[in-house]
Amino acid sequence: MAIGKRKESTEVKKKDGSMNKRVKVAKLPKKVDSFSPKKKKNTTSSGSSESDSMSQNDKKKDSSLNESEDEDFAGFGESASENDELESAESEAENDEESSSQKSNSKESHAQRKKLQKERKAMKPFADTSLKAKSLWDKLRQKTSIKAEERKTIIAELFDLIRTNVKQLVFKHDMSRVVQTCVKFGSKQQRETICAELAGSYVDLCKSPYGKYLAIKIFKYGTPKMKEVILGEMYGNVVKMIRHREAAYVVEDAFREFTNLQQQRALICEFYGPEFQVFKDRTQDIHIDKLLIDHPEKRPSIMQNLWKTIEGSIAKGSIGFTMVHRAMLEFINHADSNEAKELLNLTKELIYEFVHTRDGSQVAMKLFALANAKDRKVMLKSLRPYLIETAKDSYGHLVVVAALDCTDDTIMTGKLLQAEFEGELLKLSADKFARRILLYVLVGWEDARYFSKENRELLRSLDSLKAKTSKKDPIVRRNELKATIGPLLISLISKAAGDMIAESLASQVLVDALLYAPCEKEEAVDATLKAFDGNPEQDNHLIHQIHCSRALKTLVQNGHWSGAEKQVVKAEDDLKVASKLIVIIKKYLVEWASGDGAFVVVAVLEALSDSEKQEFLKILRKHKNQLNKSEFRGTKKLLEML
């Protein structure tokens with residue numbers, strides 16, 4: 001074989017077990033130039049002739065050698081490409097062989113690891129119990145596909161498995177849920193048994209990242225006696241638990257959801273000092289007000305310990321806890337000016353964290369009343385991103401009212417309300433709590449129609465606190481706010497009067513905005529009356545809704561009825577609604593006067609001038625026979641006037 005085509009063959013085993021020839025190409029020598037030895041210099045002629053003859057022979061040999069080399073290297077490019085293909089096939093075969101071996105090795109190692117894991121689990125205590133219990137629990141957690149009787153049977157079987165071993169099992173991450181399910185679906189006797197087995201370990205249970213959920217379940221589904229057992233073990237450890245990462249949530253849930261006032265005070269009293277942590281008997285009602293009256297000498301110690309607990313809880317990130325809010329409220333209720341200032345400095349940038357609870361909102365309101373102008377600005381700035389949510393909260397909206405009622409810088413508060421409320425005014429006016437902020441701006445918090453007696457007393461209690469920090473007259477302050485918010489509400493009414501009057505709560509904002517907003521309101525009044533246009537006999541007419549007829553009657557009277565004064569208290573601006581409404585009523589006079597709109601017609605008659613009234617009465621008398629057929633009280637009142 002020629003040099004360029006010399007090959008060696010070996011055999012390669014395929015994945016399927018068959019043999020495949022692998023071709024190995026030998027290395028080729030470098031191509032050399034034709035051989036031509038150096039000529040020697042000869043002085044004789046014979047030497048030259050000999051050399052000439054030799055050179056001719058050499059040329060012939062060289063030419064023949066070149067021809068043979070050309071023949072040998074013919075097709076060398078083709079064999080090189082074949083070699084490349086064969087080498088790539090060889091590498092692919094090797095890679096496939098390696099990957100298949102790696103896969104088989106990984107499967108084997110995975111199986112070995114799984115086997116070892118099972119063996120290790122089997123060696124653990126209660127391994128069989130845990131396995132059986134989890135199998136039963138898996139059936140129980142399928143809420144839709146299991147019947148009550150079947151659940152009861154499985155619970156009984158599960159309870160027999162874990163009984164006497166609850167304390168050991170409940171601290172395990174997988175078995176904690178199993179025991180929780182037994183407490184949730186078990187009988188009273190089964191719950192009492194589990195509770196009794198855990199006696200003496202409830203503090204550790206609350207500190208466990210898995211066990212804490214069982215403690216909460218016992219609070220939720222247990223009897224009052226079971227709750228007393230857990231609380232009894234908590235007594236003396238409350239301060240430590242409230243600062244513990246896991247136990248703090250159990251104490252908070254117990255305090256907020258599952259305890260009465262006396263039990264709450266029994267938990268809180270541990271914040272007053274170590275001497276209150278010693279006594280396990282908490283049957284007596286311990287309250288800080290009574291303590292400070294009976295033992296005034298203990299005030300410095302109690303206030304210092306309360307402050308340490310508050311400061312430590314905030315440092316731990318527990319400022320959102322209801323229990324901490326109660327401690328803060330008790331602290332600020334009995335704090336002197338320096339102590340109150342310390343609490344203000346600690347919490348003024350975290351005000352949004354505690355406005356959502358009853359106690360926390362009262363703390364925030366008192367802090368706003370005690371703060372100076374600079375601190376109020378910081379507090380409002382921290383509250384601004386959450387202003388909408390706070391306004392809609394059952395307690396938070398009172399904080400916003402208190403902040404507006406204390407802050408003299410009405411330019412700042414007006415811009416704040418305009419920026420945050422303007423795009424949400426329609427929704428806010430229909431919200432149960434947020435609308436009260438708008439109504440405060442329009443009529444003040446003294447109005448009993450919108451603010452309960454408790455809330456009015458709470459806001460009134462701030463007057464003495466803000467006397468030193470707020471200089472403006474409350475009426476002046478509110479009128480300045482009204483000048484900013486009033487036009488926004490009137491603009492909204494002009495665009496969406498129908499939507500507002502149709503909504504019971506929003507209609508209150510609409511009426512008071514039309515009565516008391518200090519701006520041009522004619523367009524808004526026309527838009528409101530237009531919503532009542534049409535035949536009152538239609539079922540969807542607004543007059544059939546009680547709040548709509550009441551709102552329209554108030555606008556016709558140009559003010560609200562005062563029970564104390566026994567008369568309508570007129571607004572300063574006369575809207576002249578009665579004169580405008582006649583145009584709408586005349587189209588369907590009998591329907592208005594003999595149906596749900598009868599009292600509105602009576603109010604129109606009372607509001608008109610004498611000349612307008614006489615003219616309207618003439619028109620009504622023409623339909624007296626039709627009106628006599630009506631049984632509506634308003635129609636009978638109207639007939640008396642006729």
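Glycine is treated like the rest: Cβ placed from N, Cα and C.
The phosphoserine annotation in Swiss-Prot covers S34, S36, S79, S81, S88 and is backed by experimental evidence. Look at Swiss-Prot and you will find 81-99 tagged as compositional bias 'Acidic residues'. Residues annotated as compositional bias 'Basic residues' in Swiss-Prot: 112-123. According to Swiss-Prot, the domain 'PUM-HD' annotation covers 139-489, on the basis of sequence analysis. Residues or ranges marked as repeat 'Pumilio 1' in Swiss-Prot: 160-196. What Swiss-Prot lists as repeat 'Pumilio 2' is 197-232. Taken from Swiss-Prot, the feature repeat 'Pumilio 3' applies to 233-269. The feature repeat 'Pumilio 4' is assigned by Swiss-Prot to 345-381. Look at Swiss-Prot and you will find 382-418 tagged as repeat 'Pumilio 5'. The repeat 'Pumilio 6' annotation in Swiss-Prot covers 420-460.
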Intrachain residues whose Cβ lies under 8 Å of the repeat 'Pumilio 2' (197-232), provided they are six or more past its termini: 163-164, 166-167, 170-173, 176-177, 179-180, 183-184, 188, 191, 241, 244, 246-247, 249-251, 253-254, 257-259, 263, 266-267, 280, 282
Residues in the repeat 'Pumilio 6' (420-460) grouped by DSSP into helix, strand and remaining coil: 28 helix, 0 strand, 13 coil
Helix-strand-coil residue split for the repeat 'Pumilio 1' (160-196), DSSP-based: 27 helix, 0 strand, 10 coil
Secondary structure content, the repeat 'Pumilio 3' (233-269) (per DSSP, counts of residues): 27 helix, 0 strand, 10 coil
